[in-house]
Amino acid sequence: MENRWQVMIVWQVDRMRIRTWKSLVKHHMYISRKAKGWFYRHHYESTHPRISSEVHIPPGDERLVITTYWGLHTGERDWHLGQGVSIEWRKRRYSTQVDPDLADQLIHLYYFDCFSESAIRKPSLGHIVSPRCEYQAGHNKVGSLQYLALAALTTPKKIKPPLPSVKKLTEDRWNKPQKTKGHRGSHTMNGH
C-alpha cells in the first residue's frame, strides 16, 4: 500500500502569540464566561504528537476547531520555530479549512453582542439593541453611512483582557514594513 498525503494549511505563528491566545481563550471560558460552550483540549488529550492544543467553538450545530501545533519543521526565518495554527470548520462528517477572517466572523455572529447594520432596523420592530460591538475582530469591512453615524454616537467599551481573535493570532507581525521616526525621533535609527 502506498503512502497517502493529506495537505493542510498551517499558519506559522510564534509561540508567544499562541500562549497569549490560549490564555485569552481560557480567561473568557472560565472567568468572564463570554465563551460559553467552548471546549479546550490539552495536548495530553490528543493522540497526535504534534498537537499542542485544540479549541472547539460550536457556532450552532457545527464546530470551528482551532488547532495549535508544535514541533513542525522550521521555516526560512529565525522566528519560525516550528509552531503553527490550523483552522477547521466541521459539520457532522464534512470538514473544510477556513481562513482567519471567516473564523472571526463565525465567532462574532454566534457569540458576541453587536451593534451592526441590522441595529438600524431592530428598534423600529421593538427589539432591544446592544449599543456597541464586543468583538471588533468579526468586522472586516466598512459599514454603511447610517451604521457609521450611529456607531460614532456610541462610545466603545474596552474589554480587558480582549476577546481572542483568530485573525490576530495568525497575523504576520514580523514581515510588516518597519516604521521609523522622523528627525526628532529615535536617535539610534538615524545614527546620532
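Each Cβ is built from the backbone N, Cα and C atoms, and glycine gets one as well.
Taken from Swiss-Prot as is:
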- 14-17: region 'Interaction with host APOBEC3F' (REGION)
- 40-44: region 'Interaction with host APOBEC3G' (REGION)
- 74-79: region 'Interaction with host APOBEC3F' (REGION)
- Thr96: phosphothreonine (MOD_RES)
- Ser144: phosphoserine (MOD_RES)
- 144-153: motif 'BC-box-like motif' (MOTIF)
- Thr155: phosphothreonine (MOD_RES)
- 161-192: region 'Disordered' (REGION)
- Ser165: phosphoserine (MOD_RES)
- Thr188: phosphothreonine (MOD_RES)
Of all the modified residues given, Thr96, Ser165, which residue's CB has the most CB neighbours within 10 A?
Ser165
Alpha-carbon distance [Thr96 (phosphothreonine); Ser165 (phosphoserine)] in Å:
19
Let's see if you can do this one: DSSP helix, strand and coil counts over the region 'Interaction with host APOBEC3G' (40-44), in that order.
2 helix, 3 strand, 0 coil
I'd like the per-state residue tally for the region 'Interaction with host APOBEC3F' (14-17) from DSSP, helix first, then strand, then coil.
3 helix, 0 strand, 1 coil
